[in-house]
């Protein structure tokens, strides 16, 4: 059975990855479908988001990424998918998603919507939250995969962290020196 996991993924978060991984255990193929939405100005282009998703999900052999325009139901039919996969963080998500599922059902009776409750640790997480934190110079390392964090820091042109190209381990951005104790500054300079 083929499932479509549609969204903007601008950027993909650990919450998205949680749904993708869990969906990959339930379905033969999960297609992470990036909507080209001309009414939004994204942080990353569709092509950049597709590359980010492919890199993030390369360990999942039954997951692929693709871009699409138009109605999700039409795209699902083109890809011969039977299921739309959606993540739910809160009751407010459920109300919106249920309405969307009912609307999609009026467009195609052949496609079902399957909801997965987001894992507790990601129940607050959205791409908008990630961008808002990064916009004001906060760390997003714990919210997105390491390579995505680097891309985000570059976009916002902050003192973004550096990554070891071999391990992709992130060295956090320098703290505001006014909040760092003198011993920490000395230790940082010694290393």
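Backbone N, Cα and C define each Cβ position, glycine as well.
On a predicted model such as this, the values are computed, not experimentally measured, just so you know.
Taken from Swiss-Prot, the feature ATP binding site applies to 8, 9, 16, 87, 88, 89, 97, 122, 123, 124, 125, 126, 127, 128. In the three-state DSSP reading, residue 127 (ATP binding site) counts as helix.
Among the features that Swiss-Prot reports, substrate binding site is placed at 8, 40, 72, 86, with the record citing sequence analysis. Packing around residue 40 (substrate binding site) is summarised by its Cβ count: 10 other Cβ atoms lie within 10 angstroms of its Cβ, all protein chains included.
Residues annotated as site 'Transition state stabilizer' in Swiss-Prot: 16. Mapped onto three states, the DSSP output places residue 16 (ATP binding site) in helix.
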Here the binding-site residues are 40, 72, 86, and the Cα closest to that of residue 97 (ATP binding site) is found at 86
Among the binding-site residues 8, 72, 123, 127, whose Cβ has the fewest other Cβ atoms within 10 Å?
-> 123
Could you say which of the binding-site residues 88, 125 has its Cβ with the most other Cβ atoms inside 10 Å?
-> 125
List the same-chain residues at least 6 positions away in sequence whose Cβ sits under 8 Å from the Cβ of residue 86 (substrate binding site), in sequence order, or say none.
-> 5, 97, 100, 101, 113, 114, 115, 116
